[in-house]
Amino acid sequence: MASITFENVTKRFGDTVAVDDVSFEIRDNAFFCLFGPPLSGKSTILKLILGLEQPDEGEILIDGRPVSHVNPARRNVAMVFQNLALFPHMTALDNVCFPLVERRIAKEEIDAKVCDVSEKLHIGHILHKTPAQLSGGERQRVAIARALVRDPVAYLMDDPISALDARLREQTRVELRRIQQELGKTLVYVTHDQEEAMSVADMMAVFKDGKICQTGTPDTLYQRPNSTYVAGMLGAPAMNVLPMNMADMLGALAGPNGSKHFGVRPENLRITKGSDAMISEVEPLGGSTTVHITAGDVALTSTMLGQPQFEAGTQIGLAVNSGQTLFFDGAGNTLAAAQ
Amino acid sequence: MTDMTSNTPSRSQSQSAADEGAGREEKRLGFALTLPAQLLVLFIALFPILMQVYISLTDWSPLDGIPWYRAYELWIGLTNYVDLAGDPRFWSAIWRTLIVMLICVPVQFLLGLGLAILFVDEFPGRRAMYSTILVPMMVVPAVAGYMFFMLFQSGGPINGILSFLLGSSVQIAWLSDPDLALLGVIISDIWQWTPLMFLILLAGMLSVPQDQQMAAVLLGAGWWRRFFTIVLPRMKTIIVIAIAIRVIENFKVFDNFYIITGGGPGVATETISIYIYKVTQNDLIWGYVAAIALAILIVLSIVSGMAISRMRKG
Ligand SMILES: Nc1ncnc2c1ncn2[C@@H]1O[C@H](COP(=O)(O)OP(=O)(O)OP(=O)(O)O)[C@@H](O)[C@H]1O
Ligand SMILES: [Mg+2]
């Protein structure tokens, strides 16, 4: 059980600044998501925590203790790699035992630990197989089991389920959430899938070019993003970011001084009678419907539950749910929270 | 189903049975069309071997004045093989070849493996040193032979260096002492072919996925454990290949041995290929030579067969 703290950490690779003066704290037992587009430095953060890379500046603390001089194996932080890095020439059992054999633990104790872990992850019946004989989800669980038997203080996962298909991914992330809660350990989780991040994380940090844009609970980041960037990264379809001159048309309140844009989530944009805009496309998704709208040369999206009968080409009016608007300045920073 | 380019009438009937029939027909036609070429290839591959089998059953020599295809006039059955089995010089040549192989291959393997381990990780000057290490392999074996011939002369550089190190004049007759001559040729073989071993093993080592090794580090495995449980098992196939190549090559080694010692002094460094050469050139009993060559071919086939089946398993 451990908290992990970054204090003004910078990591460069030649001219690339992979992690740029980053500070944040991961509380004990948190399910913490690092979320950002490719090459934003997420994996580098994990390598820094593991000790596979050393920071050029700043300090990393695990449980309040600086770890710059602690070697990777001693940090007792477990890692599940993106491609899992199971050892293909060993059975699942040998894979899971691998970290135990090293420490010359008594046979009975190894058996007990393996039993315990395989029960938690439901892999008891596949331990005799080799990785090649396992399904994607099973391999996943074996890799997690191997990370867990050592009883690490925290575990890190680098986009561990991106290789799975959509349905299995949904199942696995629920599973991961359950496992994390059962074990009660800090989990640092990298993903580039916003839905995954929002669904599993207690806390998340949004990355861009090696910097953290915002840290907070998924709900906070969704409701009160501090910039158009964070607003755009979370939620699908993305938030409508519109020029202020459209505020009147949508019946939104005037923003604070300096507002250049305002943002409305698709679910807060309602379709009314009128002729300000036109439906360009209707996308029925079963439980909900996404309507693509054009107003002048601005494209907007609106989502609603059910399958309302709209037709492309229909003239419509637009309105926003009151109190659900964000205002941004010229640089894209949020000026005031929803009003 | 027939393949898309086929244009036989039955295709238009779009009946799968007919299609399949056409497929079989086409296969037969294809086979018939390629048959001459296949026979030619087979002939080229097998002819020398069959000819050898044939000659080895006769007492034919080019000096007999009859063409080889009439060698049956000198038919002696298995006599050559019987002679071979009781030929002490053949057995001692085989024995010597085995000794060379049993010393050279493990030494080359261990040196190559050691070098490969040193070269897996980046270090300053790695590229330059890498190229330097590969140089011996590029040297023409005959040239390497002359090089070692000079090095091992009793007034040559090796004795010179030893004299300098020991502070007194060393006059070891490396190549004319029957006990030391074999050492000379063994050293030249190791010098020349360790780089190949190194090259193959390094390639194998670099192909072991980095993240598996990293995972092992993070799971607490030290260097030795990582090497023996992750790296070596994944290199099995390539190790078998590397060793098989050297075993086979060592059986055939000739040029530098012939130049350094000519098989001498006496027969002290006479390996199997030098023995064959001498029998061919000096004694001209080709039937016997063919028998030796076939015997060796069989041995090598068994060796490579074992290597291949090992690879299939691994
Ligand atoms: N070992 C390295 N050598 C040089 N540059 C590196 C190295 N590792 C990372 N980088 C660079 O650092 C930056 C951040 O990389 P990082 O792998 O942390 O991104 P990421 O957010 O994990 O991306 P992805 O989502 O694609 O995995 C990139 O510009 C990358 O090219
Ligand atoms: Mg990454």
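Backbone N, Cα and C atoms are what each Cβ position is placed from, and that goes for glycine too.
Taken from TrEMBL, the feature compositional bias 'Polar residues' covers B:1-17.
Per TrEMBL, domain 'ABC transmembrane type-1' is recorded for B:94-307.
Residues or ranges marked as region 'Disordered' by TrEMBL: B:1-21.
Taking Cβ pairs closer than 8 Å, the transmembrane segment (B:31-55) reaches residues 68, 71-72, 286-287, 290, 293-294, 297 in its own chain, all 6 or more past its ends. The feature transmembrane segment is assigned by TrEMBL to B:31-55 (among others).
Marked as transmembrane segment by TrEMBL: B:93-120 (among others). Here the transmembrane segment (B:93-120) has long-range neighbours at 126, 129-130, 133, 182, 185-186, 189-190, 193-202, 204-206, 227, 239, 242-243, 246-247, 250-251, 253, 267, 269-275, meaning same-chain residues at least 6 beyond its ends whose C-beta is under 8 angstroms from one of its own.
The transmembrane segment annotation in TrEMBL covers B:132-152 (among others). Outside the transmembrane segment (B:132-152), and at least 6 residues removed from its termini, the chain residues within Cβ reach (under 8 Å) are 115, 158, 174-175, 184-185, 187-188, 191-196, 198-199, 255-260.
Taken from TrEMBL, the feature transmembrane segment covers B:158-175 (among others).
What TrEMBL records for B:182-203 (among others) is transmembrane segment. Note on the transmembrane segment (B:182-203): residues 96, 99-100, 103-104, 107-109, 111-113, 115-116, 119-120, 133-137, 139, 141, 144-145, 147-148, 152, 174-175, 235, 238-239, 241-242, 245-246, 249-250, 253, 256-257, 260-261, 268-269 of its chain, located 6 or more positions outside it, place their CB under 8 angstroms from a CB of the stretch.
Feature annotation from TrEMBL assigns transmembrane segment to B:223-245 (among others). Note on the transmembrane segment (B:223-245): residues 105, 109, 112, 117, 196-197, 200-201, 203-205, 207-208, 212-213, 216-217, 303-304, 307, 310-311, 314 of its chain, located 6 or more positions outside it, place their CB under 8 angstroms from a CB of the stretch.
With a cut-off of 8 Å between Cβ atoms, the residues of this chain six or more beyond the transmembrane segment (B:257-279) that come close are 89-90, 92-94, 96-97, 100, 142, 145-146, 148-149, 152, 175-179, 181-182, 184-185, 188-189, 251, 285, 288-289, 292-293, 296. According to TrEMBL, the transmembrane segment annotation covers B:257-279 (among others).
Annotated transmembrane segment per TrEMBL: B:285-308 (among others), in sequence order.
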Tertiary contacts of the transmembrane segment (B:285-308), as residues 6+ beyond its ends and Cβ separation under 8 Å: 49, 52-53, 55-62, 71, 74, 76, 80-81, 83-84, 90, 240-241, 243-244, 247-248, 251, 272, 275-276, 279
Residues from the same chain, set at least six apart from the ends of the transmembrane segment (B:158-175), whose C-beta lies under 8 A from its own: 149, 151-152, 181, 183-184, 260-261, 265
